[in-house]
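Participant: The structure that follows is given in the form of structure tokens.
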Amino acid sequence: MLNMVPGEPHSKAVQRMKILLVISGILLVVQGCPPIIKHSEWTTRASSCTQSLSTSLKYAVIHHTDGNPCFNISACKRQLQNIQHYHMDKRGWCDIGYNFLIGEDGNIYEGRGWTKMGAHTRGYNDVSLGISIMGNFTSVVPNSKALNAAQSLIQCSASRGYLSSVYILKGHRQLRPTNCPGNALYQVIQTWPRWG
Ligand SMILES: [Zn+2]
């Protein structure tokens, strides 16, 4: 389907089409997945996790950290470091427990990421992606920046095949006896696609 400009040589039209394909490919990637702040960008403590996580996971599990909220990147990084130290030093884990964390600065932070099994929902870590919004959302909801980031991460995870195309969205409390992710946030996620 070459859109020839009259008088334009065929090779030039092919060249033009190749450039358009590259640009649309880049746009697709940008639309499909939000930027994610890498593990190495917020901590100097390397992960020692070895258990890998399979793809096409059945569940996306939403958590709150039940700690302080953060509204800018430096406060969020400090918060992430505190959680990582707690999980590694006090609980003896190989890294921060969640696969991803989200701040009310609107950023998504890589925890164990898509390829390493998390430690967030006992009995379900090998079949789920654990996404935690930083703060306590018992009586307040996360701001729209954080909620949008969480939804966009879930969509991206499904579009890249890390989550099954028929994944089920859960709040932590649906799988374990806990108040997590807080009453207010739990109300919100029940309105999201594929909650059940
Ligand atoms: Zn939780």
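Placed from the backbone N, Cα and C atoms, the Cβ positions cover glycine too.
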Participant: Can you tell which of Cys94, Cys156 TrEMBL lists as bonded to Cys33 through a disulfide?
Facilitator: Cys156
Participant: Rounded to a whole number, how many Å is the Cα of Cys70 (disulfide bond) away from the Cα of Cys156 (disulfide bond)?
Facilitator: 23
Participant: Using Cβ atoms only, which residues of the same chain lie under 8 Å from Cys33 (disulfide bond) while being at least 6 residues apart in sequence?
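Facilitator: Listed in sequence order: Ser152, Cys156, Ser159, Arg160.
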Participant: Indicate the candidate from Cys70, Cys76, Cys156 with the smallest number of other Cβ atoms within 10 Å of its Cβ, considering only these disulfide-bonded residues.
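Facilitator: Looking at the disulfide-bonded residues Cys70, Cys76, Cys156, the Cβ with the fewest others within 10 Å is that of Cys156.
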